[in-house]
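Marked as phosphoenolpyruvate binding site by Swiss-Prot on the basis of sequence analysis: K22, N23. Residues or ranges marked as UDP-N-acetyl-alpha-D-glucosamine binding site by Swiss-Prot: R102, R131, P132, V133, D134, L135, K172, V173, S174, V175, D317, I339. Annotation source Swiss-Prot lists 2-(S-cysteinyl)pyruvic acid O-phosphothioketal at C126. Annotation source Swiss-Prot lists active site, proton donor at C126.
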Amino acid sequence: MDRIRIVGGNELHGVIPISGAKNAALPLMIASLLTDDTLTLENVPHLADVEQLIRILGNHGADISVNGRRERQGESYARTVHFTSRNIVSTTAPYELVSKMRASFWVIGPLLAREGRARVSLPGGCAIGTRPVDLFIEGLTALGASIEIDGGYVNATAPAGGLIGGRYTFPKVSVGATHVLMMAATLANGTTVLGNAAREPEVVDLAKCLNAMGAKISGQGTSTITIEGVRSLSGARHRVLPDRIETGTYAMAVAMAGGDVILEDTEASLLDTALEAIRRAGAEISDTNNGIRIVRNGAGIRPVDIVTDPFPGFPTDLQAQFMGLMTRSSGVSHITETIFENRFMHVQELARLGAKISLSGQTAKVEGVSRLKGAPVMATDLRASVSLVIAGLAAEGETMVSRVYHLDRGFERLEEKLTRCGAHVERVSD
């Protein structure tokens, strides 16, 4: 099993290309099930979760082709992937596939809308709290679906004439449920209005792609999304937006290690709140022609309190990384997690490096220390794993991170991108 070895102490200098967003690519790939035409996606990252979803879509009958594992585009790498779901051969998403990745549950929306039925296993993925599927079920029921859960599967059936447009207000903001209902509603009869919808850039990106396919969606980026159903969708060509979580992660890595790095092929507007927190921590951040420049030279890391919130608030997917940064601050910071329960599993591993963190409910109190010391640590989930890498960049000596398959789910060529900027990071095999 692979591990990541980090020898701390090196500043970061250079250019890091930002990949396409995993959290945007996954729903875009699933949207290909809505049409019998070809959907072409550019800037698709090469990640374990993407490869797993390709297998799942193939199970449903999608024909998938990749133009070049690495297509050189300036200083970045990207893939162009073509999806053609001319014939849906199965409306069942089995446990052995869905259990490996939560987002694969989202196929329930397109399958139900296009085929009138779906049988989808309850999901897997990162073990962060309960992450219930109640909102998906309630929302699809509001569109006329009949749903029952039996033997670990969600069995959904549309009315004889197809799904029916309706109104549904999410009791809490859910990005995944917003994706699913928006996709399902594109082929429903009549108009659907989603209230308290997620406003994340990935939702806006999905709506942009669906509209290019012939959908009639408005209000994306606000808390009320309106979808006027159409009879069918066509193919389209769409470029996946930059990964704001990867952008924020590398910005925090520079703030932690010190240095001067340009993050290319990304946009500051995708993560304003997170970048402001990094500025307050002591980094200088400025826009470039094609990205963002992060500088921290000499100045220490200042303590900053943050609370995770749905977009445009501080992203929960950057909470662990920011905690890693705060372990070296010059004071006390408080990090409150409001999106997911049980998302502090990285705390005890950071403590192995010398961090001083105490928990009280959904808030972590981080007392900055003057030095961290390398140690063997274990990744517990995707975002927690990269927080250990960030801490390792500033730790004295060697940090060895095990269970790095978590990293491979969401970070494309992480060790390569850090190494090209001067970090001592390498993948080793047992």
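Each position is counted from 1, following the chain as shown.
Every residue gets a Cβ built from N, Cα and C, even glycine.
Feature map: annotations from Swiss-Prot on the structure.
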{"residue": "K22", "record": "phosphoenolpyruvate binding site", "DSSP (3 states)": "helix"}
{"residue": "R102", "record": "UDP-N-acetyl-alpha-D-glucosamine binding site", "DSSP (3 states)": "helix"}
{"residue": "P132", "record": "UDP-N-acetyl-alpha-D-glucosamine binding site", "DSSP (3 states)": "coil"}
{"residue": "K172", "record": "UDP-N-acetyl-alpha-D-glucosamine binding site", "DSSP (3 states)": "coil"}
{"residue": "D317", "record": "UDP-N-acetyl-alpha-D-glucosamine binding site", "DSSP (3 states)": "helix"}
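For the binding-site residues K22, R102, K172, the largest tally of other C-beta atoms within 10 A is found at K22. When the alpha carbons of S174 (UDP-N-acetyl-alpha-D-glucosamine binding site) and N23 (phosphoenolpyruvate binding site) are compared, the span between them is 13 angstrom. K172 (UDP-N-acetyl-alpha-D-glucosamine binding site) sits 19 Å from N23 (phosphoenolpyruvate binding site), taking the Cα positions as reference. Within 10 Å of the C-beta atom of S174 (UDP-N-acetyl-alpha-D-glucosamine binding site) sit 23 other C-beta atoms, taking all shown protein chains into account.
Of the candidate binding-site residues, R102, P132, D134, the one lying closest to K22 (phosphoenolpyruvate binding site) when CA atoms are compared is R102.
Compared over the binding-site residues D134, D317, the count of CB atoms lying within 10 A of a residue's CB peaks at D317.
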